[in-house]
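To start, the structure itself, in structure tokens.
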Amino acid sequence: KECCTHPACHVSHPELCG
């Protein structure tokens, strides 16, 4: 999941990396 590779996005949307 692309968001998971972007720290800021991962922090803002941890559910996308879950």
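Residue 1 is the first one shown; counting continues down the chain.
Cβ atoms here come from the backbone N, Cα and C positions, even for glycine.
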Handout entry: Record Swiss-Prot, residue C17, disulfide partner from C4, C9
Key = C4
Handout entry: Same-chain residues at least 6 apart in sequence whose Cβ lies under 8 Å from C9 (disulfide bond)
Key = E2, C3, L16
